[in-house]
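Some features that Swiss-Prot has for this protein:
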- Asp23: active site, nucleophile (ACT_SITE)
- Asp23, Asp25, Asp185, Asp189: Mg(2+) binding site (BINDING)
- Lys162: substrate binding site (BINDING)
Amino acid sequence: MFMTKDLFFVYIFTTMIKLVVLDVDGTLTDKSRMISVNAVNAIRNLKTKVALVSGNVLPVLYGLKIYIGFDGYIFAENGGIALINNNIEKFFEKDGPESFLNDISGYTSARGILTNRWRETSMAFTANHDEMDIIDREAASRDLYIVDSGFTLHILNKGQDKGFAVKKMIDIMNIDYNNVLVIGDSQNDESMFSLGTLSACPGNASEKIKEMSNYVSGKCYGDELFDVFRHFDLIH
């Protein structure tokens with residue numbers, strides 16, 4: 001069958017993409033973390049399998065999964081813990097991050113946040129910007145690292161990131177990297193953007209994420225999803 005160039009690329013996209021991986025804060029939500037109704041509708045219109053990957057905690061992502069209404073994987077705490085086929089799987093421990101936060105809270109402005117009570121593999125905190133070099137160095141000395149989601153700072157174990165989560169899903173589904181579309185906006189999304197999957201971001205994304213993206217939407221804070229899905233011909 002003869003295809004024009006445009007039809008060929010539409011065919012490639014629709015046959016390639018078997019999983020859409022979505023960040024939450026700044027990708028589905030606005031600056032105040034209010035979820036975009038347009039984002040919810042876009043996800044509900046999508047026939048491709050959807051997964052959420054976030055620095056937030058598993059109970060929050062589980063609530064989003066239920067109330068948005070999709071049947072897919074959820075990876076919380078930047079890939080540290082997941083709900084896979086109704087089973088909770090934990091890939092890292094919180095002992096190191098928790099001990100580190102307790103220690104640095106004694107001599108820096110670092111303070112834990114409310115959701116730490118539900119964290120099982122990481123810790124989250126706020127701190128003065130001018131102390132971050134000290135905090136970063138101390139984290140590295142303990143085989144930990146700090147990542148900024150744009151909303152809070154996360155203390156993570158070595159190897160714990162969203163790229164780890166995407167690799168897990170690729171293995172579970174037995175698909176290739178080019179079968180995956182990732183969408184995110186900030187520093188803690190960079191690990192999944194570096195895998196060689198298809199990638200897109202909203203207009204509010206960091207400059208680094210924009211540079212790493214195959215497609216940058218002109219729309220922001222969740223309103224980009226319809227645009228991105230149309231670009232990859234996942235919805236019409």
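Including glycine, each Cβ sits where the backbone N, Cα and C put it.
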Beyond the site residues Asp23, Asp25, Asp185, Asp189: chain residues whose C-beta lies within 8 Å of the centroid, for Mg(2+): Val24, Gly26, Thr27, Ser54, Ser149, Gly150, Gly184, Ser186, Asn188, Ala205
Neighbouring C-beta atoms (10 Å sphere around the C-beta of Asp23 (active site, nucleophile)): 27
Inter-residue C-alpha distance, Asp189 (Mg(2+) binding site) and the residue listed as 'substrate binding site' (nearest angstrom): 6
All-chain count of other Cβ atoms within 10 Å of Asp185 (Mg(2+) binding site): 27
Which listed residue (Asp25, Asp189) has most other Cβ within 10 Å, given these are binding-site residues: Asp189
Between Asp23 (active site, nucleophile) and Lys162 (substrate binding site): CA-CA distance (Å): 9
Euclidean distance between Cα atoms of Asp23 (active site, nucleophile) and Asp185 (Mg(2+) binding site), Å: 8
